């Protein structure tokens, strides 16, 4: 079934409200913002160890990493099963979840660790690495979806070279 405009708009509004909720909570006192270790921009202050911060950190990790990861896993497994039945593998269905885990996993682990132990003994440069990797997700997702889908790859190839990839060539490249 096709996605309806009303459903798409509802999903978009939900995503923006969800993001706004989690970004505003530290401003309202649940969690706290501070400068990143190298003082280049702000992030969650994971040097705190109080109950307020720990509950925020666990809730943030569960609702923004674990639950979305589970949803992605089940959704892409369903897509993979459909591709398997039709024999048309147009997209690597495991790649988006791997990208989520690789890019957000280190940051989530750092937050979980900060909730139970003091992370100040870790060098500021090393504490910056998970944040920088997490901030690279939009770029990584663009590459995953653009280069992981044969239709987009063909369009990109045509845009860059002016040559259209024939269907037989695309089929041979995926086998």
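Each residue, glycine too, has its Cβ placed from N, Cα and C.
Just so you know, TrEMBL annotations are computer predictions that nobody has curated.
Per TrEMBL, the features are as follows:
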DOMAIN    1-145  domain 'G-protein coupled receptors family 1 profile'
TRANSMEM  12-33  transmembrane segment
TRANSMEM  53-76  transmembrane segment
TRANSMEM  97-116  transmembrane segment
TRANSMEM  128-148  transmembrane segment
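When the stretches 12-33, 97-116, 128-148 are ranked by Cβ pairs under 8 Å to the transmembrane segment (53-76), first place goes to 97-116.
Away from its own ends, the transmembrane segment (12-33) comes close to residues 42-45, 48, 52-53, 55-57, 60, 63-64 of its chain (Cβ-Cβ under 8 Å, at least six residues beyond either end).
For the domain 'G-protein coupled receptors family 1 profile' (1-145), the model gives a mean pLDDT of 83.
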